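J.: Sharing the record's features from Swiss-Prot:
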TRANSIT   1-50  transit peptide
DOMAIN    57-343  domain 'tr-type G'
BINDING   66-73, 131-135, 183-186  GTP binding site
């Protein structure tokens, strides 16, 4: 246990001695030094600079993911405290945590946007941590954070187990190695073993139980309470002092200890699980350990656990109670011991798969065998009231230096870097360089004009303008952009006066720059501006920021469901030819999955409404043989712009934006002197509108968003809740299951059978008497109702659910997809839209 001054005593020894933990090793550049010579100062400056060049194998880029209220921010706060990053522990309820610094976060007690912070832990490991939101409305924050992470800490609530949002983010992080922390073990009803079984079955993973909960009575009359953990790897009992977060006792477990048999069982399960795939461990176990589970050294076990974690064969599981300061140090040890460094993490998805990419201990990644090539991804843009626009990036290869000229391969624009910053939540530290694996910030007056979320930055590691030396294929490198989920709610936004329109547009531009999952649609004919988002809370927060943070002179309308239209048949092929040599021929039709296979080339997504553009190749010209002054990329982007605007004009039934359409440009011709996109815009957009206008109204159908809904209720409330769902809310009930009863989960495929068997065979300690007492008191577990429900019927559902269940019910919903509205629902939809 490197995080405390450890002199172990055996389990049966007395008296009990608490050991005060040492938070974080003191770095050289933090030392206080008296009078020194000029030579010493030079040496000190060199060592300070050198100390910042972190060994890439000792870097961990991690995120904390979980369902809302599982304890992500509370756990983050304890990590920062025990690492020595902060001197006082903040509280979510008091609104003074480090990573929740937005006014809306502090007033509501929830995380709204991801926050990055760096700290050191044990043996000079650098941990770059991103705390992510748990609410489904802010899922885009999770998606873009996951793109730049190498490992994850998944937190489960020991009472609630695996919840709906947990399953969702687990799938989103499918390719990322994880450790799991079962939190809130101090709460009445906490069930460690039940939570582990749900983890195995619902998330389809094997587990490695690194520690198990320890309960003890604090006095003779009290019920047992959660006090610490049994460490199966190190063979210790770790007990935390409830009165002092800085005190912990560590006791070696010998054969005389009451917990020895539990330790042996946990060790046996750990070694057996690892031995299924780790030949090195099997050889050691049968050889030097003589088949004795207790003789396998900690170092050998740790190496095997690390191999299993990196290969994603299994997930290490730990437990604790972050609010009570229990179990956080072992979790931090697991982060640095088992999660990957940037030199071991998954490779980023690159557009050019012909260029070789490999891990490199110095460079992070070696792309095209070019040690001077720096590659970075912009994953977030924010605006600081003092520093202005700030672009968060992850460096994948090479070194990014301030003052160097870089190339945005997503836009084809060169620009000079201003300041580079390392962020510690909302506190900035100016730095000169970002190294492989670093998560940092580009700052400067014009940086937001040059870089957006999802852009790829290419730079030379040593030369200020070295990008000139790169090959064309290297400059064209792009990391796969960040996918943006489709919005399902909308609200009208209008300026308070006509003179406020410019200020409104500027505020909306800034807001969508920071949050691309907000989609702004402007109707040029009516002048109406509509803001689209992921949910009611998402739009509520956006409106709050517009009014209170940006001081925008606007009025925001009532939040409403975002409906779409689609076409049921293809349009006629339309052709347009101009006197100056522009010629286009196209049609619009309904999208189907086969289109992507048929048109593997020239296939471009059009925003987030499942619309696509297909451009057939010209027999005379292509991207490699392009004679026009206008760049090929600008040619394509101009057509994309035309398509998006034309489709947003909407269909004939209700004027809702069009969804699931393909615009197929079959033939095209440009004059050889084509240098600007204006003529393309003037030709293509009216052509698309003409094609759509030629269809009769009957060729259009209204689409409405359908949601995956999970409602958790007690048995006595089940009937009224189901009746309300199937009657008033037009729900399609999929299943009704016992809450937490993992063994009754639907077994529909071979994988699920496999993980049911694994859960049955997994060694688990019996759950605490506190958990059993809760079950006995209630006499029953809850029920989970799973259903597909039109989003229109779920608006303000929480109020109805509280009334039906006397406040005992809860629900979670996520977007499933768009579905054609039945004829009996169309009238209600049109009425809601005031049409």
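Residue numbers in this text run from 1 along the chain shown.
Note that Cβ sites are derived from N, Cα and C of the backbone, with glycine treated the same way.
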J.: So what sits near residue 72 (GTP binding site) in its own chain, CB-to-CB under 8 Å and at least six residues off in sequence?
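T.: Looking at Cβ-Cβ distances below 8 Å from residue 72 (GTP binding site), excluding near sequence neighbours, one finds 64, 65, 66, 111, 131, 132, 134, 155.
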J.: Once the DSSP letters are reduced so that anything not helix or strand counts as coil, what is residue 72 (GTP binding site)?
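T.: Its secondary structure by DSSP: helix.
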J.: Using a 10 Å radius around its CB, how many other CB atoms surround residue 69 (GTP binding site)?
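T.: Its Cβ has 18 other Cβ atoms within 10 Å.
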J.: Among all the protein chains here, how many other CB atoms are within 10 A of the CB of residue 132 (GTP binding site)?
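T.: Looking across every protein chain shown, the total is 27.
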J.: Among the binding-site residues 66, 185, which residue has the largest number of other Cβ atoms within 10 Å of its own Cβ?
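T.: Max Cβ neighbours within 10 Å, all protein chains included: 185.
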